[in-house]
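Trainee: According to TrEMBL, the feature domain 'PAS' maps to 1-39. Taken from TrEMBL, the feature domain 'PAC' covers 65-119. What TrEMBL records for 108-160 is domain 'HAMP'. The annotation domain 'Methyl-accepting transducer' is assigned in TrEMBL to 165-394. Look at TrEMBL and you will find 211-232, 409-432 tagged as region 'Disordered'. Per TrEMBL, compositional bias 'Low complexity' is recorded for 410-425.
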Amino acid sequence: MVERTQAVIHFRPDGTIIQANMNFLNAMGYTPEEVAGKNHSLFVEDAYRHSREYHDFWEKLRDGQSFTSQFPRKRKDGRIIWIQATYAPITDNENKVVRVTKIATDVTARRTALERISKGMEALSDGDLNYRIAPCNIPDLAVLGDAYNRSVEQLASMISHLQSVAETIDAVSGQIGSTSDELSRRTETQAATLEQTAAAIEELNTNSRSAVSHAEQVGDEASATRTSAEGSRHLVQDVTDAMKRIEGSSDAIARIISVIDDIAFQTNLLALNAGVEAARAGEAGLGFAVVASEVRSLAGRTADSAREIKDLIEQSAGHVKTGVDLVDRTGTELTAIFEGVGRISERVKEVAYGLGEQSTTLSEINSAISQLDQVTQRNAAMVVDTADATKGLSEKSAALRQSIAVFRTSQSGGSAGWSQSGKGSENYSRSA
């Protein structure tokens, strides 16, 4: 059974070939006649044939030690193949090695497929995503190779996408950085303008409050003036009333003087009549005539005094009338002044109220500007944070691109294609 399925060859203890079956001969490219009587060294490379390792290998076989491993062997055409082989020493009854039998299987295709997979892993570890494993006829390794190729293609696609994303992030970060710088400058300018505006509004508010205070003082003074004008108007009214009473008294005095003048006139007539009667009486009426003369003289002086007093009363009445007219005019003017002062007081109150409203509005504007300034300051801080975050994002993007740069894809350069078979690695034993 083994002879039909495996490559089998028999050697003497010194390595001389005794017999090889057709499986072995076909694998090595020889005929039975070409190997009969030849040494095992026919199947190994020259350098290994003369090595100490090869000599020790056969010494151990002659001592009865067996070996199982994968070995590189040289065909007749010089090509190296790999075999999975077991070297089994055969002993006689005295436990002496009389023959060495090797049972082997050609594993070159498997070895080549594994080497390609190994190279793919090495390429992947080096960041080369262009390496692809060529198809093979070994089902389990073909599945592994296909899985590797699909994984690398997906990874290459992902890396290419990441590279594109990193470049986009880098570009966007640059744009955001430029925009943030411009926004920062504008925000600083806006903050400075708001600060100047706030200072101007505060100064205007201070002036407005001062104007309100002055307007209130003017209003108080106008109210005081109005009160004084009101008092003056009452005083003028009292003077007018007094002058009218004086005018009335003057009229009464004039009437009394007129009565006195009439009495003096009547007295003068009576004295004249008495003098006439005394003259008629002669000596008897002489004394009465003297009295009548004196009475007449007194009545004349009384009449003269009454006329003088009447003239004075009339002059006084004229002056009183003039005074009354002047006092009336003064009252009228004071009334107009009082009303004007009242209107001024009302206007001043309205101005003071308007200035107060203006001051309140300015205070609200100043408060709003202060809040806007605070928002602007926070915006400026956020712009700085955004700029820092953008800078950090740009740095991370650069680090990402640097990390991705270790991978080589068909888009980033490098030769894509299937792996090529070559000499297998000699990590396995070369002895045989």
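Even glycines carry a Cβ here, placed using N, Cα and C.
Curation plays no part in TrEMBL annotations; they are all automatic predictions.
Walk me through the surroundings of each of these features.
Mentor: Counted with DSSP, the domain 'PAS' (1-39) comes out as 15 helix, 11 strand, 13 coil.
Across the domain 'PAC' (65-119), the DSSP tally of helix, strand and coil residues reads 12 helix, 30 strand, 13 coil.
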Trainee: Any idea what the model's mean pLDDT is for the domain 'PAS' (1-39)?
Mentor: 95
